[in-house]
């Protein structure tokens, strides 16, 4: 599909410069009945105050995020003066401006004045939601009538007022015939002096009357909150499993003269089938463009490459082309198209690396030197991230010609979209202006809302969170450096709190750049337990090729791989891990496959805001649950999982798990059955449970809860 090339407002180097969608005009604060109005000055508070509406990203400056089919919870504080009853309605307005859903909100904890409701958007687009607070005349009458009539005060007056409310409801509501008859009959009984007082009152308080007035309530003084935006995206934005591979390593070999011959897209296609078989749905490729020859890096980031060393894939550009070109060693454009088509046939998407930096011999360095930073001696500044130096890379300067540079980048992105790419992993977005990313993502999504961007930003929290707010659909995280129970609990609690409204984490246990000490020269149990944590704590997770082989040889004294694939070919003998091969049984690919299969079959692992941690006596064992209601399981039962992980890859741990039963949807004394989805074993469980986890046999339980 070709992208629409409607002209986007140019980037001005200061702000996103795109007009926000016009919000629906707010409703008027109302007097008695929704047809009467008492207008107060604006901006201000309504007749029935509505405050603290959530989700709310920076006061509505940016939209909250959801995906199609995701249950969204809206909350607000609603109250009024005096003792009259109040209530609230959550209103969801679809992208076309129509009222899609109206849900009467349920009161929260007593004394908080908080109200809550859920709704489920059913298609991609920018939706609007707001909360309407209103005075509840029936609720007020019900409260007062019970007290006064029970005390013999104003009995006939209270009954008459109730009858008039019934008549008003019949007149104002648009209900089916039967509920209206119930209200008419109730009014007649309330006025019938031949009935006992208790019978007359009971008619006004019947379940039929309450049901009718709950479905179509009488609403006075309707006061709406400001409208807020909800950007609804495709499900892959929230739920995905990524596999990273370097196509150039697949099939790479030394020729008879000892020179390296690169692998190609065609030779890498078998790895697509392997990734699909393991249950991944996105295959991410590091940059596939021509690599600069000037200051090319050698193995292990040395400055002395051999004649056939390929250099870093992130040193983009040479006389063979730039960001819109394919490295000729990988094949042709037709080969790339075939690679993308093969992936699609396997149910995979290809994600490309959007690395906005250039090798010294990139065509832009010659055609547009103003897009770089020139030093006092006339040289172009190369990239640095102390103590790392990247002499083979020129960073871009977005301030000299912001509009020209941004337009060229947008052209490049749209070029790859036209080649079938719908996902981009963005390299180091925190080193470029945030306003540029807001402009770029909004420009792309205006014509291609299906396109997703993952931010690879290992940086300060303020930057990471703001990148999520301005449009990035997913973000790398500090998961790689969170290894203890305390670290994991604190970090996941943070990520699944209010920041989940705009920032979706993606957990990676390894990357080509990062080999954490925990995995250095580690046993398969270490790789398994970190995979379990990544795959079950986050709805988005990924791993770099070789993880399934438990590759862990480090560069001495560094959090990096020895002989890193960033700088050299790294062909792997995949066949030797197949049945009959010399390394058969040494790969944890079957374990990874099972984890991804569990994720696909359990909606509880496909959401973000539903993690609850439970108490375990041993600090080396962590336990958490994931739960979704039946409303999110396509009509099936609720989905509840309990995960227990031994964080010690060397020692068998025996301990007791103490469950928060209400968090599982159970009473404190309920018994239930759990099935270990990894082994198939079942156990009877209750609030307190003994567990034993041998890391060399079973480092984790992934338990599915079945009610007895």
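Using the three backbone atoms N, Cα and C, a Cβ is placed for every residue, glycine included.
Feature annotations, courtesy of TrEMBL:
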- 240-599: domain 'Glycosyl hydrolase family 13 catalytic' (DOMAIN)
- 296-321: region 'Disordered' (REGION)
- 297, 357, 392, 428, 566, 567: alpha-maltose 1-phosphate binding site (BINDING)
- 427: active site, nucleophile (ACT_SITE)
- 456: active site, proton donor (ACT_SITE)
- 513: site 'Transition state stabilizer' (SITE)
For residue 456 (active site, proton donor), find which of the binding-site residues 297, 392, 428 come within 10 Å, Cα to Cα.
428
Could you count the residues of the region 'Disordered' (296-321) that DSSP puts in helix, in strand and in coil?
3 helix, 3 strand, 20 coil
According to DSSP, does the residue listed as 'active site, nucleophile' sit in a helix, a strand, or coil?
strand
Fewest other Cβ within 10 angstroms of its own Cβ, chosen from the binding-site residues 297, 566:
566
Counting every protein chain present, what is the number of Cβ atoms, excluding its own, within 10 Å of the Cβ of residue 567 (alpha-maltose 1-phosphate binding site)?
25
Please report the distance from the Cα of residue 567 (alpha-maltose 1-phosphate binding site) to the Cα of residue 427 (active site, nucleophile), rounded to the nearest angstrom.
16
State the Cα to Cα distance, in Å, between residue 566 (alpha-maltose 1-phosphate binding site) and residue 513 (site 'Transition state stabilizer'), rounded to an integer.
8
Candidate with the highest Cβ count within 10 Å, taken from the recorded positions 392, 456:
392
Taking only the residues the record lists as binding alpha-maltose 1-phosphate, namely 297, 357, 392, 428, 566, 567, what is the largest Cα to Cα distance between any two of them, in Å to the nearest whole number?
19
Hey, what's the Cβ neighbour count for residue 428 (alpha-maltose 1-phosphate binding site) at 10 Å?
18
Going by C-alpha distance, which of the binding-site residues 297, 357, 392 is nearest to residue 427 (active site, nucleophile)?
357
Average pLDDT across the domain 'Glycosyl hydrolase family 13 catalytic' (240-599), rounded to a whole number:
97
